[in-house]
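Noted in TrEMBL for the protein shown:
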- 12-147: domain 'Lactate/malate dehydrogenase N-terminal' (DOMAIN)
- 12-34: transmembrane segment (TRANSMEM)
- Gly16, Ala17, Gly18, Ser19, Val20, Gly21, Asp41, Asn100, Val123, Ala124, Asn125: NAD(+) binding site (BINDING)
- 150-297: domain 'Lactate/malate dehydrogenase C-terminal' (DOMAIN)
- His180: active site, proton acceptor (ACT_SITE)
Amino acid sequence: MSSAAKREGSQMAIIGAGSVGSSIAFACLMRSVVSELLINDFNTKVCEGQVLDLQDAAFVSSTKVRVGTPKECGQADIIVITAGARQKPGESRDELVLRNEEILRSVLDGLQPIKKTAILMLVANPVNVLTCMAQKLSGLPPHQVIGTGTYLDSVRFRVAVKDCLKVSETSVHAYIVGDHGDKQVAVWSSASMGGKPLLAFEEIKKMDRAAEAAKVAHKAYKIIDLKGATAFGIAAVVSEVALCITLNKLSVVPLSTYCDRFDACLSFPISLGTNGVERIVYPEMDERELALVEESAVATRHACRNYRN
């Protein structure tokens, strides 16, 4: 996969006009991420209302917004899928995966034929499993199908560290990897700040690292408990990922993709550009961290058993 220039006149489609999809659209609109935004939802009334509202905000942006048909959305440069089922009380992971398979298959069927150079981004959960499914169902090469993975979790992780060390979070190089959710892995062993290992700082040594990692993993639950859903954080993540693609930034960010090393779709730092995934970077992990990632890989492989090569 070679580097390419910025995509001129880029177009982005967002499938799903609910709280997450509309927040993503607003974030991308405010940053003028692409030339045109297409919004699609099975609820055409809500979709039209969201578009009209977004158009009112477009005067501060160079991006145009309109309703897009599924066929039009399939020809966009970046296609973001937010549609997905939520886990019901008492529902197993396999049952949730089955319901999401039906939704994802229906969405992707509607988008066909998908533009051969499109980058497909999954936002719905379980994101690793849906990324695996989309890689098989879309017909696109694996490096062009990604999920938002542990990007937001990694941001939360760095904020926790920066609050402890009293530095900017951009100065902290630390990642959450593996699964987005309860099984996510905070990689403390190779995290650093200013070229110095985090574990060498006295403040970090005194920190209850397990408790901090648990808070990061469960922050979404707290937000959902307080206001019903999370939207703004993931919207900011998607806008930044889209910029990585349209500007060919080749930034290293943790996203879901197929990882040969673990034979599963997992979230690891990747170099992302116009062509999609250019390189996967596996941070150094200690035995415990590696064992936890391998557990996630086993679970993901099992859930994706019908979609693997």
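Each Cβ is built from the backbone N, Cα and C atoms, and glycine gets one as well.
Whatever TrEMBL says is automated annotation, not expert-curated.
Here the features listed in TrEMBL are placed on the structure.
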residue	record	contacts (Cβ under 8 Å, 6+ apart)
Gly16	NAD(+) binding site	Asn40, Asp41, Ile81, Thr82, Ala83, Ala124
Gly18	NAD(+) binding site	Asp41, Val46, Thr82
Val20	NAD(+) binding site	Thr82, Val123, Ala229, Thr230, Ala231, Ile234, Ala235
Asn125	NAD(+) binding site	Gly84, His180, Gly181
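Cβ atoms under 8 Å from those of the transmembrane segment (12-34) belong to residues 40-41, 43, 46-47, 50-51, 53-54, 57-58, 60-63, 65, 68, 72-74, 76-83, 107, 111, 123-124, 229-232, 234-236, 238-239, 242-243, 246 of the same chain, restricted to positions at least 6 beyond its ends. By neighbour count, meaning other C-beta atoms within 10 Å, the densest spot among the recorded positions Asp41, His180 is His180. In the predicted model, the domain 'Lactate/malate dehydrogenase C-terminal' (150-297) shows an average pLDDT of 95.
Across the domain 'Lactate/malate dehydrogenase C-terminal' (150-297), the DSSP tally of helix, strand and coil residues reads 71 helix, 35 strand, 42 coil.
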